[in-house]
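Colleague: According to Swiss-Prot:
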type	residues	note
ZN_FING	4-52	zinc finger
BINDING	Cys10, Cys15, Cys33, His36	Zn(2+) 1 binding site
BINDING	Cys25, Cys28, His42, Cys44	Zn(2+) 2 binding site
ZN_FING	94-142	zinc finger
BINDING	Cys100, Cys105, Cys123, His126	Zn(2+) 3 binding site
BINDING	Cys115, Cys118, His132, Cys134	Zn(2+) 4 binding site
Amino acid sequence: MEFPDLGKHCSEKTCKQLDFLPVKCDACKQDFCKDHFPYAAHKCPFAFQKDVHVPVCPLCNTPIPVKKGQIPDVVVGDHIDRDCDSHPGKKKEKIFTYRCSKEGCKKKEMLQMVCAQCHGNFCIQHRHPLDHSCRHGSRPTIKAG
């Protein structure tokens, strides 16, 4: 038993399938089956008005213009490689910035290690007062137990 009044026929000239759940194109307002409802599948003449996507750079939040026929991922990738201001790979921040205060030592550390007595900044090797010959008024004493 068929229900010719139920559903709608696909508007694609080569299809005309009776579809019980047709999809109406929001650009040309015609009904299509699931295979022909995308703009490209039925060659929608009004798709240029609707199918507009502007990708945004995930690093700097800048909209990236994409020309027709270009792949958005490739264009955004090119932007990140060339023009992006927030590219983390381009930042040349120095990691080892804390130089040892011990005379003759040229080591640098990521973390600041300040002597509690003389308040100088030292590397791991010279961080203890005895190791950097701390010249503060109170000398550290070693207790034998």
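Every residue gets a Cβ built from N, Cα and C, even glycine.
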Colleague: Validating a neighbour-count step here. Other CB atoms within 10 A of the CB of Cys100 (Zn(2+) 3 binding site): how many?
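Modeller: Taking every protein chain into account, the count is 21.
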Colleague: Do you know the DSSP helix, strand and coil residue counts for the zinc finger (4-52)?
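Modeller: Split by secondary structure, the zinc finger (4-52) comes out as 4 helix, 8 strand, 37 coil.
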Colleague: On average, what pLDDT score does this prediction assign to the zinc finger (94-142)?
Modeller: 83
Colleague: Cα-Cα, whole number of Å: Cys15 (Zn(2+) 1 binding site) versus Cys115 (Zn(2+) 4 binding site)?
Modeller: 83
Colleague: Identify all same-chain residues not among Cys10, Cys15, Cys33, His36 whose C-beta atom falls within 8 angstroms of the centroid of the Zn(2+) 1 site's C-beta atoms; report them in sequence order.
Modeller: Ser11, Glu12, Lys16, Gln17, Asp19, Phe32, Lys34, Asp35, Phe37, His42
Colleague: If we check Cα distances from Cys10 (Zn(2+) 1 binding site), which of the binding-site residues His42, Cys105, Cys123, His126 wins as closest?
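Modeller: Considering only the listed binding-site residues, the nearest one is His42.
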Colleague: Are there residues of the same chain, six or more positions away from Cys123 (Zn(2+) 3 binding site), whose CB falls under 8 angstroms from its CB, and which are they?
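Modeller: Listed in sequence order: Cys100, Lys102, Cys105, Lys107, Lys108, Glu109, Met113.
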Colleague: How many Å separate the Cα atoms of Cys28 (Zn(2+) 2 binding site) and His36 (Zn(2+) 1 binding site)?
Modeller: 13
Colleague: Please identify, among the binding-site residues Cys25, Cys33, His36, His126, the one with the smallest Cα-Cα distance to His132 (Zn(2+) 4 binding site).
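Modeller: Checking each of Cys25, Cys33, His36, His126 against His132 (Zn(2+) 4 binding site), the shortest Cα distance is to His126.
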Colleague: At the Cα level, what's the spacing in Å between His126 (Zn(2+) 3 binding site) and Cys115 (Zn(2+) 4 binding site), rounded?
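Modeller: Their Cα atoms are separated by 10 Å.
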Colleague: Going by DSSP, how much of the zinc finger (94-142) is helix, how much is strand and how much is coil, in residues?
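Modeller: Split by secondary structure, the zinc finger (94-142) comes out as 0 helix, 6 strand, 43 coil.
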Colleague: For the recorded Zn(2+) 2 site formed by Cys25, Cys28, His42, Cys44, name the remaining residues of the chain with Cβ within 8 Å of the site's Cβ center, in chain order.
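Modeller: Leaving out the recorded residues gives Ser11, Ala27, Gln30, Phe32, Phe37, Tyr39, Lys43, Pro45, Phe46, Ala47.
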